[in-house]
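Database features (TrEMBL):
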- A:12-19, A:37-41, A:64-67, A:128-131: GTP binding site (BINDING)
- A:Asn23, A:Ala24, A:Thr26, A:Gly27: Mg(2+) binding site (BINDING)
- A:5-177: domain 'FeoB-type G' (DOMAIN)
- A:290-311: transmembrane segment (TRANSMEM)
- A:346-370: transmembrane segment (TRANSMEM)
- A:390-412: transmembrane segment (TRANSMEM)
- A:424-451: transmembrane segment (TRANSMEM)
- A:463-488: transmembrane segment (TRANSMEM)
- A:522-541: transmembrane segment (TRANSMEM)
- A:652-677: transmembrane segment (TRANSMEM)
- A:689-710: transmembrane segment (TRANSMEM)
Amino acid sequence: MKLGNIKVALVGNPNAGKSTLFNALTGLRQKTGNFPGVTVEKKSGTFKLPGQNGQQETAAIIVDLPGTYSIYPKSRDETVVMDILANPAHPDFPDVVVVVADASNLQRNLLLFTEISDLGLPCVLALNMLDVATSMNLTVNAVQLAMKLNVPVVRINARTGEGLSGLKEAVRQMAERVDKPALAYFYEPKGNEIQLIADVKRMYALDNDYVALQYVCQHDNFSFLETPARVALDKLIEKHDFDENGFLAAETVARYEKIKPIVSKSVKSAGITEQPYWTRKLDSVLLHPFWGYVTFAAVLILIFQAIFSWATYPSDLLDAGIAATIEWTKGILPEGFLNDLITDGIMAGLGGILVFIPPIAILFALVSILEESGYMARVMVIMDKLMRKFGLNGRSVVPLISGVACAVPAIMTTRSISSRYERLLTILVTPLMSCSARLPIYTILIALVVPPTKVLGVLNVQGLVLFGLYSLGLIGALATAWILSLFIPRKEPGYFMLEMPSYKLPRWGHVAFTMYDSVKSFVFEAGKVIMAISIILWVLSSYGPGDEMEKAEAAVTSSMPQASEEQVNAAISSVRLEHSYAGHFGHFIEPVIKPLGYDWKIGIALLASFAAREVFVGTMATIYSISGDFEDVPTVKERLIKEKNPETGGAMFTPAVCYSLLIFYVFAMMCMSTIAVVQRETHGWKWPLIQLAYLMVLAYVSAFVVYQVMS
Amino acid sequence: MSARTVSHLRKGEKGVIKSFTDRGMSLKLLEMGCLPGCEVRLDAIAPFGDPICINVGGSYCLSLRLNEAAVIELE
Ligand SMILES: Nc1nc2c(ncn2[C@@H]2O[C@H](COP(=O)(O)OP(=O)(O)OP(=O)(O)O)[C@@H](O)[C@H]2O)c(=O)[nH]1
Ligand SMILES: [Mg+2]
């Protein structure tokens, strides 16, 4: 038996339930979803293997891998699998591979199993989705299957956790096995393959025929092979006149010839095999040429109504609560520097975003329900034709929809798009989808200029405007994709081919966790940035170069001899801000943003929000609580309403300014994390910089047009 | 007349796969379980007539574009 931790890898077809099994074994929360291509990179965790007759438990390391239909990768995410399995020196190279098979479609799932088995890796076959198989009138005889395939077969239900102890036991036994029985290959090489395999085995000291064949077919994907090795392999291919494409098809057909009789022996069908009843019924509506679109539109409108109507009550309560807390803190802390920093700086900044917890939680919950139910795959189908017109792919719908939550994970999901061209376009336009960080900005500004009236009795006008902004983002994304597609040459045709999973009831615990997790990361991740920025901003706005601030203060005091103390105080804090470092920054960029209708205060918030958009509202809150001197602490919205435009004397936040800001934030790419993830996914700075530039130009020009037309 | 392919099927109509006309696509289709001799049925057509969803051998539903379906010749 091997020393140290046992390493296990989870391999299987897309959507077979690997990540669900991973979560059940490790207690971690790897993302799952009911459509193919959810997992796009490897993820490790640990779990305990039972000890034999009373011995100590042993720890095992397990990696969850992206799903694949075969070991020949077709998209970026799938390359990870063979990179690990073909390289014994890889740190994740497994001692035991658990092949997770969807029992409702066993024949196809076994193709991958036979390939993994031929690589000489110790396997355990986990039969999952047996409940789905049952609803399709299928019964699987695991014992029969184990005998025919010569592998331990375990029946599990990854969702409920049934059969996990049996699986652990099988893994432990496989890992402890000392004798290595001779491998009975499922695929037997023919013709020139035999000599080629012999040559490769000798050259690279390999002992497995099928691994040698993989060196031949896949060496360009293997990151562990150096260039000379690749060149040598190309020479061998030439020498033996090996036709790779012909071989791949012949191999696959030959494997199915082996699998078919085994499946027909071990899977019994009572009556006609059909997709589960509800899946057929739902699909007849949701994929309907007309009703399919109607339901999709209804689903989207429901989401926006939910964000606006349902979230208002808890948000308003939070808002009032935060204002009260700040006031209370102001009262109990001794007056002075620290009091101001904590209340006007940190608490005002944080409070500005905490009120957005309810809508963000609702948004994440709804997106998670779309993903878990299986509806997402249908949306990909009904949108494919439309997406194709813009150079995208039906699969681009997933990043675009999850981009409404956050662009960073959304851009990662593009790895399952097989065409590099379509993937690149999708990456470039995903940041145009309005993410949850824009929601605070939208909400506040909409509340300022749009009355909360209802049309047709139910539809909230504010909700409709919000819907309009999100649509604008989508239209922008599609139009940009189309324009980019005119400039970026397309090298290979894209394809769609998507398996439709059966509908599944979302797991409510899972949805609740997604909600909790999104709120947690929103509060902590955004909170950290906002806290840091609030402090910096507070310092920058409380101090100025030299004694400029004091001079300005003295000038104001002497110019207002008649005014009440309150008026003088308000005027003082305002000029102090103006002459602080932050004020200087604001004034510095004011000429640039003036045509959009913004003053230097908005300029400060705009600059700060380059770190992350969430910061905008928090910064506004900080700036206005510093510059105003209020008797009792107002909510952020009240502060904005009270703000006066010094030039006109009217309200600062006129409809023209608000709409101009709204449009600016629909298009502007103001998020360091997005830039970083695009850099990582496209392997360079070229695309993120192009993206940053065109989005900024787009944002500036559109905001300019809106302001000039409206004012 | 060219051979009948999956893209010619009408809704609810069945056919048996004979062969593929495109090499690159045939491998992907084979891996996804579309084998010669396998029965397919057209289950759904998306808005604008493309993509389509076919039921493969009663075991699962595969969605593909019309140009992909045109690669699959029927008996
Ligand atoms: N009915 C049923 N559903 C299951 C079972 N196991 C997993 N699921 C569901 O199947 C869906 C897919 O599960 P995932 O774990 O995301 O699948 P995956 O294999 O990781 O998929 P990829 O990452 O896309 O390769 C989820 O909605 C699960 O809730 C099962 O035994 N029975
Ligand atoms: Mg997964």
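Glycine is treated like the rest: Cβ placed from N, Cα and C.
Source: prediction; values computed, not measured.
Features as recorded by TrEMBL, highlighted on the structure.
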residue	record	DSSP class
A:Gly12	GTP binding site	strand
A:Lys18	GTP binding site	helix
A:Asn23	Mg(2+) binding site	helix
A:Val38	GTP binding site	coil
A:Pro66	GTP binding site	coil
A:Met129	GTP binding site	coil
Subject >> For the transmembrane segment (A:689-710), sequence-distant contacts whose Cβ falls under 8 Å of one of its Cβ atoms, 6 or more beyond its ends >> reply: 428, 431-432, 476, 480, 595-597, 655-657, 659-661, 663-669, 675, 678
Original post:
Using Cα coordinates, what distance in whole Å links A:Gly12 (GTP binding site) and A:Thr26 (Mg(2+) binding site)?
Top reply: 18
Subject >> Local confidence of the domain 'FeoB-type G' (A:5-177) - pLDDT mean >> reply: 93
Subject >> Annotated stretches the transmembrane segment (A:463-488) and the transmembrane segment (A:346-370) touching (3 or more Cβ pairs under 8 Å) >> reply: no
Subject >> Euclidean distance between Cα atoms of A:Asn23 (Mg(2+) binding site) and A:Glu41 (GTP binding site), Å >> reply: 15
**OP:** Could you check the binding-site residues A:Gly12, A:Gly27, A:Pro66 and say which one's CB has the fewest neighbouring CB atoms inside 10 Å?
**Re:** A:Gly27
Original post:
Cβ distance under 8 Å to A:Met129 (GTP binding site), same chain, sequence separation 6 or more: which residues?
Top reply: A:Ala16, A:Gly17, A:Asp102, A:Ala103, A:Ser104
Subject >> Distant-in-sequence neighbours of the transmembrane segment (A:522-541), which means Cβ under 8 A and at least six residues beyond its ends >> reply: 340-341, 344-346, 348-350, 352-354, 356-357, 360, 436-437, 577, 580-583, 585, 604, 608, 611-612, 614-615, 618-619, 622-623, 626
Original post:
In the structure shown, with every protein chain counted, which of the binding-site residues A:Asn15, A:Asn23, A:Thr26 has the densest set of Cβ atoms within 10 angstroms of its Cβ?
Top reply: A:Asn15
Subject >> List of residues, in chain order, with Cβ under 8 A from that of A:Lys18 (GTP binding site) and at least 6 apart >> reply: A:Leu10, A:Val11, A:Gly12, A:Thr39, A:Asp64, A:Leu65, A:Gly67, A:Val100, A:Ala158
Original post:
Over all shown protein chains, what is the count of other CB atoms within 10 A of the CB belonging to A:Val38 (GTP binding site)?
Top reply: 23
Original post:
Near A:Glu41 (GTP binding site), how many other Cβ atoms are within 10 Å of its Cβ?
Top reply: 12
Original post:
Mind checking which residues reach the transmembrane segment (A:390-412)? Cβ under 8 Å, same chain, six or more beyond either end.
Top reply: 31, 35, 37, 40-41, 363-364, 367, 370-371, 376, 379-381, 383-384, 419, 421-422, 425-427, 429-431, 433-437, 470, 474, 477-479, 481-482, 484-485, 490, 494, 496, 498, 518, 671, 673-674, 677-678, 681
Original post:
Excluding A:Asn23, A:Ala24, A:Thr26, A:Gly27 themselves, which residues in that chain have a Cβ inside 8 Å of the centre of the Cβ atoms defining the Mg(2+) site?
Top reply: A:Leu21, A:Phe22, A:Leu25, A:Leu28, A:Arg29, A:Gln30, A:Gly45, A:Phe47
Original post:
Looking at the binding-site residues A:Asn15, A:Val38, A:Pro66, which ones sit with their CA no more than 10 Å from the CA of A:Asn23 (Mg(2+) binding site)?
Top reply: none
Original post:
Could you state the CA-to-CA distance between A:Ala24 (Mg(2+) binding site) and A:Asn15 (GTP binding site) to the nearest Å?
Top reply: 16
Subject >> Listed binding-site residues adjacent to ligand 1, that is, members of A:Asn15, A:Asn23, A:Ala24, A:Val38, A:Met129 whose C-beta is under 6 A away >> reply: A:Asn15, A:Val38, A:Met129
**OP:** Just the binding-site residues from A:Lys18, A:Asn23, A:Thr26, A:Val38 whose C-beta lies under 6 Å from any atom of ligand 2, please, or none if there are none.
**Re:** A:Lys18, A:Val38
